[in-house]
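Undergrad: As annotated in TrEMBL:
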| type | residues | note |
| --- | --- | --- |
| TRANSMEM | 12-32 | transmembrane segment |
| TRANSMEM | 44-67 | transmembrane segment |
| TRANSMEM | 87-112 | transmembrane segment |
| TRANSMEM | 124-155 | transmembrane segment |
| TRANSMEM | 198-217 | transmembrane segment |
| TRANSMEM | 248-266 | transmembrane segment |
| TRANSMEM | 302-322 | transmembrane segment |
Amino acid sequence: MLVTLNGYTSAFLVVGIDLLLIGVLGFAYPAIKKSHGGKKGKVSSANNIVGILIALVVLCLDLQLAQPVFLTGSNLLNVLQQISTNFVIAIGMTFVIISGGIDLSVGSNIALTGLLMAIMMKNWGVAVLPTLVISLIFAGLIGLINGALIAFLNLPPFIATLGMMSIARGAAYTVTGGAPIYTMPSGFTAISSRVGNVPLYTILIMLAVFLLGWYCLRYTRVGRFTYAIGGNENCAKLSGINLNKVKCFVYVISGLCCGVAAILLTSRLDSAVPTNADGQEMDAIAAVVIGGTSMKGGEGSMVGTLIGIFIIGVIANGLNLLGVAQGPQRMVKGLIIVIAVIIDVLRRRAAESAN
């Protein structure tokens, strides 16, 4: 039985994560079946989405039993605003992981871009709109550098983005001497303001980013090329796909998403701090993998990522409502990532055995 007493919080966490795991695994294996007109062993994206959606519903019911305020309108609106940063960067991360790569620099990119915005508006007196445009370009350039290192110098994505993570985070500390910058212009903080208690502009930005990402991945040539490179890079090259351009493109997309996330986060916090978005890359990767995207590339969907984002956000919000300290919260996030990777491995093994 679930209770909210502090002494039983750990029991709640175990049960909640177990339910999540059972929900996902229970539908991961049935998804390995012959699709309509497809090949044997092909993973049905629709079935995977159904599985993780049921996991999300079970998790929400679990949290509602443990904390009755969870499903209130005000708390659900808080969840939407809290997940906004991870929501946006997970969209970009989906492109990267489907292509067979990974981007560990997203959190540092957000922190550095946020500080750039704050310096431009507070110290240099630049207007809000030019600041936003320049910041998006800056974040996209960081992504382009990542893509160029990977595409043209053949650096492993893990190494290239790990190096950029350290460089960008170090630069964030250097430009302000480690000091935060507070109190942004009202025109900037209005982005995260609420209209009738609803974070309307934040929700509209999130929706726009999702729809653009979904359309690009599903209906454009670049989206198809992204799947092709992640599925089999050699075959993609032989078919005439420009690998270098596509790799640079997906990392630029990831960088631009970091720019949007930096705008949302800095506006919501009304401050820019060198430690902002620390560890955010782990949340984004977990959301993408829980959503059914394979860490080996070539498989995944934006709808799956969307559900994965909400699973991560719901867990984080639930832990806060239950008064769980930051230390145990980080442990739970680490456990989620391990579970997500295990699910990915089991899904691929089942697909291989079905061939």
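Cβ coordinates are placed from backbone N, Cα and C, and glycine is handled just like the others.
Fair warning: this is a prediction, and the values are worked out from it, not measured in the lab.
Buried or exposed, and what's around them? Tell me for each listed feature.
TA: With a cut-off of 8 Å between Cβ atoms, the residues of this chain six or more beyond the transmembrane segment (198-217) that come close are 77, 80-81, 84, 87-88, 91-92, 94-95, 98, 190-192, 223, 226, 253, 257, 260, 264, 268, 301-303, 306.
Within the chain, the transmembrane segment (248-266) has long-range Cβ neighbours (under 8 A, six or more residues past its boundaries) at 84-86, 88-89, 91-93, 95-96, 98-99, 101, 103, 106, 109-111, 113-114, 117-118, 132, 135-144, 146-148, 150-151, 184, 188, 191-192, 202, 205, 209, 213, 216, 222, 226, 272, 276-277, 280.
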